[in-house]
Every structure is written in structure tokens, then in C-alpha cells.
Amino acid sequence: MNQATPTKHVFVTGGVASSLGKGLTASSLGSLLRSRGLRVTMQKLDPYLNVDPGTMNPFQHGEVFVTNDGAETDLDIGHYERFLDTDLSQIANVTTGQVYSSVIAKERRGDYLGDTVQVIPHITNEIKERILAMGGTGEDGRSVDVVITEVGGTVGDIESLPFLEAARQVRHDIGRENCFFLHVSLVPYIGPSGELKTKPTQHSVAALRQVGIQPDAVVCRADRELPPSIKKKISLMCDVDQDAVVTCADAPSIYDIPKVLHREGLDAYLVRRLDLPFRDVDWTVWDDLLRRVHHPKEEVTVALVGKYVDLPDAYLSVAEALRAGGFAHEAKVQLRWVASDECQTAAGAARNLQDVDAICVPGGFGVRGIEGKLGALTYARTHGIPTLGLCLGLQCMVIEYARNVVGLEKAGSTEFDPDTPEPVIATMAEQKAFVEGAGDLGGTMRLGLYPAALKDGSIAREVYGSSLIEERHRHRYEVNNAYRDQLEEAGLVFSGTSPDNSLVEYVELPRDTHPYYISTQAHPELRSRPTRPHPLFAGLVGAAIERQRELRFPIDETGLRREPEPDED
């Protein structure tokens, strides 16, 4: 794109109800524009007063997505990264808490020269600065062609008003020809009358107009396709072109949404409206992904043993990484959500895990459900079930091994009991002040991208195909180095450490002991992409498929498969 052409800004708003899929709609549009050869980046404006979601309850907010530079962000940032296949930074997520904190700090410094600080212009100017900052140049010096900004919340909510006003002012500042407003709304189907109702969408657009924004296009979320008559009515009553009324009916997979929007002509309309270079969409990569999604050759069941399974969004990136691991093998991954409490006893673990092909133990905080995670890991280790542990999953893997193999019956973590007699997991030295209450909890963990050196001959080294890797982290606790020798002598392999060997990053069992039993202190799910599955998850699914193929072989007393005797054929 010509460098003289200004960056275009696309704002995505939502109406009628929350959880309509604004983030997925925005991500899919970004994917389409990127497939047309445009440089696209994305941003989320969140109207809550928290500075970031780092200390929020997973049951309320879902997962916390960590960027390379260590920002704790909204889970929609994960959608953006997966659909665009790019890495975003902390400026991709703006919250009301960040905006107000910055404005108040400036006021205290005297930056406003005695002005009365108000929502308009001071808060809105701060928001505008953060929106426009996304349109800078990339590492290669080229400017971004399109910035897609999702405005969180629902039009009409008081919390979103400053963000909507800032977006309106951005349109005024950069020119209408460089700005596009996309409104996502609900068109409900009323069963008894057999009708699709447009009134909620009309009222939602009316509320948007009240704050000075006229949408350029409307994406209608529904459980079925909209007939032309309904589209024509929405076009007339909402004052948008009929070509800009887009149906986005429920799809079999979230990865179908770009095709749905393209079929409806949304990307072509936007490109014409913003006078962007018109190139055909290159479907090469996405078509291959959809083939793997819809036409798998294998199917495996993976148990996700977690504390927050009542809200699957708490493990959104883990679930998507597991599914992507299946795509690598043209396999469908069926997730079984297992509450860790249900695996606290041997009988409970067997009941929930005896027929799964693999197990994933994800991260979390606090003592609740820990004994269940340990029970699940004991079952996985002794029955040869391929297992992947993430963050807390690594710590539980070490505790379980210390108790049941090494003989440290009181092994534990200082997170759960500061006075545990055998702290095989301990607080990181630089984290002790925060844990003891001497500092803020928010934003103070070991966050962001950190390197690890992998041991030759290990599973980790094999699946990564490299001896030095980088992964994103979010933790305060680590394997206690005082117990490393004792654990290694008992057969546990510390297959990856920080380059200076001070922090354990990967733990596993040798392949001759277990087919695939590995964990990492990092969060590799955050770097997985549907088109580039993460090697740890692909390795887990590969091991699960291999185990399926060997199910006809008996299991010996160690829980491992053995070759059948000649008379067993």
C-alpha cells in the first residue's frame, strides 16, 4: 500500500446483548483483509475499571491472555492473534482503568496546567491517543493499512460512552473516508410466531446514532439466514446500504466465519468504501485449515482436568491449542471437561479418565482442586496415558512424583501452605514481597516471553526441534532447586531450564518409562495458531493417536503397552 495513504480505522460495536461474537466477527474480518494482502492490526477497548484482567475471577472474565511483552489482556486478544497469525502487544488492550490511571497521574504531575479535568476532552483524548497509536509503523518500517478496534460492552451501556465518543472524534479527526463503523446486532427468531424480529437492531442502531455514530454496515447475528426482505427492512430502517447488511448465522466452527462474511460481501464492501487496494482473497492456507476442521481422519478424546471447567472460556486458548494440535494430524479432538475435584480419589480418577486418549492439566491458582489434579496425574502416569501439564500442571506433576515415587509424602507448594515441610514448589525469590502483601498483586507476576534451554535427547527437544526456545509465562512459583537432585535421581527429567539453569521450565518422564508425560512452567497455548499448531499440543495428540492404535495390546503392571506374545495375535 502506498505510504502516503493514511491508515484506515474500523470500529466494531455491539448491540442488543453481550456475547454476540463481536471479537470473532472482528477477527474474521481482519483475517479476510490480511488475506487480501493488507497489513492489519487489532485492538480491544474494555469499559471495565480494572487496569487489566489479571486479578479478575476466571468465572467472571474467562482466561487472561498474556502477550509477548507481558501484558495481561482480554481473551479477545487471543482470537485476534490466532486469526491474524500475528503477535500483539500491550497497547492492543485498553481499559477504562488504564485510561483513568493515566489521566489522574498526568493531573498530579501538572500536565494539564490547571485545567478542570473532565471526561471530555481529557478522557476521550487519552483514548484517542491509544487508538491512533495502533496505526504506527511496524518493525519493517511499513505503516499499518487497517486498524480494527473492537469497542467492548453493549451500545447503551453507560460504561462504553467515553469510548464511543472517542471513536466518533477519531472519525472527525481523520476524515470519514478513512473510517468505517461496523455494528454487530442480534436478530432474534420468535418460535411461536415463526418470525425474525428486526426491532432490537433498529433500537440498537438508534442508540448508536444518539451518540453521533451512523454505522456503515450491520452484521446481523441470527440462528438462521436472513431472507432478502428482512435485509431490505434493516437497510431502510437503519439507513445503511443493502449490500452492507450482512447475515452471520451460527456456523459449525468459528473458523468458518471468514468464509461466511466473505460470501456476504462484507470485506469487498469495506475495501471499496475505504478505497483500499482491491485484491482477491488468498484462501490457500484457510482452505487447508477448513479441510482439517471438517474432514478429520482420526478422532481422539482429551480430558481437560481443571478448576474452572464450569466456564470453558477460562481455558479458551488451551481448548483451541488442543484442537489445533488435532489439525496437525488431521484429527478431531473431542474435549472432555473434567472438574479436578472429581479426580481426588483413585475411583473418581478412573471413572473420569479410563476411556480418554490423552490428558491436559492446565494452569490455575489456589489450593482448591489441587488434590484432584494430583489424582489425575497419578492415574495418567501409572496407566501410560499421554499427558501435558501447563504452569500449575508442571508444579502438580512435580508434587505428585515427589509424593508417590520419591517418597516425600508431605511434598507440597508454598502457594497452598507457606509452612509446608517439604516445599518442592516454592515462591520465586523476586515474588516473595508480593506474596507476603508488601506489594500490589496486579501485574507483578513473572509475565511475558522468556527463553529456555532444552536438554538433548528429551521429548521437549524432539517436539520443538530446537535447543533454545521462547514461551510466554504467568506465574509466581517455581520448582525448588533444593529438591532437583533428589527428583532427578528418582527418574524425573528436568528437560528444560532457563539459560542460566536457575529455573526449571520443562519436566518430563523418559519415553522408555512413559510414552508422553511432559509439562512446562510456561503457557504454550498462548502461541498456538490454528494454521501453526504448537508442537507440545501436536505432540500430545500424536501420542494419543498412537495409543489408540495400540489399544489392542495389553497393559502390563507398569501401565505401559507391551508387544503381544505370538499366541495373542
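Note: Cβ is positioned from N, Cα and C throughout, glycine not excepted.
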(request) Please state which member of Ser18, Ser19, Ser413 Swiss-Prot lists alongside Asp157, Ile158, Glu159, Lys197, Thr198, Lys199, Pro200, Thr201, Gln202, Lys233 for binding CTP. (result) Ser18
(request) From the candidates Asp76, Asp85, Asp87, give the one listed by Swiss-Prot for the same ATP site as Ser19, Leu20, Gly21, Lys22, Gly23, Leu24. (result) Asp76
(request) Taking Swiss-Prot at its word that Gly364, Leu392, Gly393, Leu394, Gln395, Glu415 bind L-glutamine, choose the one of Arg461, Arg472, Arg476 listed for that site. (result) Arg476
(request) Determine, to the nearest whole angstrom, how far the Cα atom of Glu525 (active site) is from the Cα atom of Gly23 (ATP binding site). (result) 19
(request) Measuring C-alpha to C-alpha, could you say which of the binding-site residues Lys22, Ile158, Lys233, Arg476 are within 10 Å of Thr198 (UTP binding site)? (result) Lys233
(message) Taking DSSP as the reference, which of helix, strand or coil describes Glu150 (Mg(2+) binding site)?
(response) strand
(request) Rank the binding-site residues Gly23, Pro200, Gly364, Gly393 by the number of other Cβ atoms within 10 Å of each Cβ, and give the residue at the low end. (result) Pro200
(message) When DSSP is mapped onto helix/strand/coil, what comes out for Pro200 (UTP binding site)?
(response) helix
(request) Using C-alpha atoms only, work out the spacing between Lys199 (CTP binding site) and Ser19 (ATP binding site) and round it to an integer in Å. (result) 19
